[in-house]
Each structure stands twice: as C-alpha cells, then as structure tokens.
Amino acid sequence: MVRGSLGKLASRALSVAGKWQHQQLRRLNIHEYQGAELMGKYGINVPRGAAAGSVEEVKNTLKNVFPSEKEIVVKSQILAGGRGLGTFKSGLQGGVHIVKAEEAESLAAKMLGQILVTKQTGPQGKIVSKVYLCEKLSLVNEMYFAITLDRNTAGPLIIACSKGGTSIEDLAEKYPDMIIKVPIDVFKGITDDDAAKVVDGLAPKTADRQSSIEQIKKLYELFCKSDCTLLEINPLAETADNKLVAADAKLNFDDNAAFRQKEIFAMRDTTQEDPREVAAAKADLNYIGLDGEIGCMVNGAGLAMATMDIIKLHGGTPANFLDVGGSASEGQVVEAFKILTSDDRVKAILVNIFGGIMKCDVIASGIVNAAKQVDLKVPVVVRLEGTNVDQGKRILKESGMTLITAEDLDDAAEKAVKASVK
C-alpha cells in the first residue's frame with residue numbers, strides 16, 4: 001500500500017496497545033541549511049542561501065550574498081517540521097517568511113534565540129539558534145520526491161509525486177494515483193531507465209528532461225554515498241528558468257555509519273535533541289523518550305515493547321523505551337536510572353529483566369548503586385527472572401531499599417500503574 005510505504009518516510013511509531021506514539025529513531029538529522037550545502041557538493045540544484053546565527057551575521061549576509069535582492073525568504077532552523085505554521089512563544093506567527101530585503105534583518109532578530117512551537121516539537125518547542133536566508137525562487141511547479149529504505153524490496157525506494165508543497169500524507173490521500181514508487185537494485189544502482197521513470201512520474205512542465213534525469217541520479221548518489229536513511233525533497237520545484245531545484249530538503253543519516261561519515265556527523269546539533277536521548281547515546285543505551293508517567297528499564301527490544309503494551313493495557317502510559325541490552329554493565333544501569341529519574345513526569349519506575357546474557361545480579365547491583373547516587377523519590381517495581389535471579393533478589397533484599405517486587409510481567413505492570421497514581 002502507498003500509505004504504508006509513505007509512513008516510513010519521515011518517522012515511525014511505537015505501537016502501544018493499539019495506539020501510536022511518536023518514536024525518534026537513532027539517526028542523525030541535520031538542519032536545512034546544512035542539507036543544502038551537502039546537496040550543492042553533489043551538483044544538486046539548491047536555492048542560493050546562507051545561514052546566520054546573529055543579527056550581525058544577518059546584516060553581513062544581506063550585504064554580501066543578496067546585495068540586489070528585493071525579497072528574501074527567512075527560515076527559522078530547528079530540527080522539526082511544520083515551521084511555516086508554527087508559533088513562537090514570543091507571539092510571532094510562522095517560522096518561515098517571505099519579506100522585503102530591508103525587513104529581513106528585523107524579522108530575523110525576532111526569530112533568533114526564541115522558542116518555536118510546531119506540531120512536531122510538542123508544547124516545549126525548540127530554540128532557533130540560526131536562520132537560513134534564501135533567494136526567493138520563481139516557481140512554476142511544485143513536486144514531491146523522496147528516497148527511503150524499503151524492507152519489501154530490500155533496498156532504496158524512490159517515491160515521487162507530480163504534486164508537492166504539502167505533507168506527503170495529504171498527497172497520498174488526495175492524489176494516490178499520482179504517487180509512483182521506483183525500487184532501485186542496490187547492486188546495479190540507479191539506471192537511466194530508473195531515473196527516467198521518476199522524471200515521468202514527476203511530470204515536469206518545462207524542465208529539460210535529460211537535465212532532470214541527471215538531477216535524480218545525483219540525488220541517489222548523495223543518498224548512497226552519505227549513508228542516508230531518508231532524503232526528502234518537498235517541494236522539488238520547477239523554476240522559471242527550466243530547472244529542477246531542491247527548494248526544501250530533509251536528510252536523515254544512519255547512526256551506524258558515523259565512523260565513516262565523520263564530516264557529516266560533525267554537523268550534529270545536540271541542542272535540538274532530547275537531552276535524555278543524548279545522555280543515553282553517550283552511555284550506549286537504546287533510549288527513546290515518550291510522554292507517559294511510568295519509566296521503563298528492560299533488556300531486549302521485544303520485551304521492552306511487550307512491557308509498554310502491558311502497561312498500556314493496565315491503564316498506564318510508558319514514559320520511555322529503554323533497552324539496556326544483553327551485556328549492560330553496572331555503570332550503564334546506574335546511568336539508565338539517572339536518565340529515568342531526570343524526567344519530572346515519571347511517577348513510577350518498572351524494571352523488567354529476563355536474564356539470559358544479561359545477569360540479574362548485575363542489574364540488582366546497578367539498582368542499589370543508582371539508589372545511592374540518585375535521590376529516588378518514586379516507587380520502583382522490579383521483576384527479575386533468569387540467569388542469577390536468586391543472587392539478584394538477595395542483593396536487593398539485603399540493600400534495605402523499599403522496592404515493590406513482582407513475579408511476572410502482568411503483575412509488574414499492574415503494580416507499576418497502581419504505584420504511579422498514588
């Protein structure tokens with residue numbers, strides 16, 4: 001189904017008892033201006049523009065880059081979508097504006113250092129540390145283009161639509177027949193025929209066909225050579241001078257490729273990320289922040305998902321996904337507890353460990369040491385089973401800690417939910 005494929009483009013979700021919650025994947029997401037610079041290196045047509053982090057830099061950019069432009073596009077730079085319809089906490093409406101050149105400096109001053117709230121940031125919003133000043137393009141057509149990874153074809157999948165400029169979900173609903181999918185053979189790479197199919201699906205009105213084919217091939221080259229997990233151009237614009245231009249782009253990169261993409265990963269802006277996820281990544285923990293009240297620490301992704309489901313079934317809401325893995329050290333367990341207790345929304349913590357490679361006594365020692373370092377103000381429910389379970393239970397019993405023990409997962413979830421509402 002088209003919608004199923006499109007759902008993989010920009011985000012995924014955790015299914016918790018039949019309800020979907022946002023999941024931030026372990027991947028690098030870079031700012032729009034950084035993506036434009038990267039695309040330019042591959043010969044991809046992008047608008048002329050420059051980023052500025054202060055009013056003085058804005059003034060210099062207007063003078064040196066846009067000395068004769070009458071209108072300028074001023075774009076707030078945050079790692080979230082929906083900027084155009086967002087609202088600054090200062091009251092300014094919209095994170096993207098087209099203004100007269102002489103007004104750009106004063107507008108940028110109202111954006112820089114302010115918090116922008118969009119449908120993707122949550123009510124806390126994100127701080128705007130830079131603005132991206134771009135030339136105003138004369139557009140004759142807007143299209144949609146994306147490359148993502150498809151499990152069904154076990155390779156890159158190009159998705160294109162002759163309509164663009166709005167969310168792909170809306171496009172899929174309004175114009176399902178206009179969306180095409182072109183799977184690419186990962187061994188052969190993109191061929192002229194593949195690129196031609198994409199161009200035919202985009203149906204540009206005036207752009208040169210061969211030049212358009214070359215642009216598609218360059219986008220695919222960027223996707224592969226940069227280890228992207230997503231390259232989304234919306235809109236892929238057709239300009240009055242008969243060119244295809246990546247007017248707005250979103251690029252995500254596989255975290256597993258950090259060792260060979262050092263230049264790209266140096267672009268990471270941790271100020272835009274959840275500080276809990278940043279701390280977890282440093283400790284080599286698989287953590288994803290959610291918006292519930294029960295903190296979870298589990299070993300194994302499957303068990304973690306099941307734990308979240310059962311919490312939901314008992315009427316609770318998980319505050320996070322946290323998989324400590326099968327070889328976590330005592331220090332990592334301590335760090336995990338620090339992350340869980342740093343969330344003010346957490347009213348109870350559920351530790352659910354099935355010891356295979358992960359030993360229950362290591363988890364127990366970590367819990368005890370964490371209690372010594374962290375002021376535990378919320379109830380902790382512990383369910384241990386598996387390797388060294390007796391040693392683990394003994395360590396917890398002899399610690400003198402006030403813990404709520406559970407015999408199985410269902411019992412643990414029920415007790416955690418009850419503890420969270422006291």
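Every residue gets a Cβ built from N, Cα and C, even glycine.
The record from Swiss-Prot ties Gly82, Arg83, Gly84, Glu142 to ATP, and of the options Lys70, Lys75 it ties Lys75 to that site too. Record check: Swiss-Prot places Gly356, Ile357, Met358 at the substrate site, and the matching candidate among Asn252, Asn256, Asn286, Asn299 is Asn299. The CA atom of Met358 (substrate binding site) is located 42 Å away from the CA atom of Gly82 (ATP binding site).
Within the set of binding-site residues (Glu142, Asp248), the lowest number of other Cβ atoms found within 10 Å of a Cβ is recorded at Glu142. The separation of Glu142 (ATP binding site) from Asn234 (Mg(2+) binding site), Cα to Cα, is 8 Å. Across the residues annotated as binding substrate (Asn299, Gly356, Ile357, Met358), the widest Cα-Cα separation comes to 10 Å. In the three-state DSSP scheme, Asn234 (Mg(2+) binding site) is classed as strand. Taking Cβ-Cβ distances under 8 Å and a sequence gap of 6 or more within the same chain, the neighbours of Arg83 (ATP binding site) are Lys75, Ser76, Gly94, Gly95, Val96, Leu116, Thr118.
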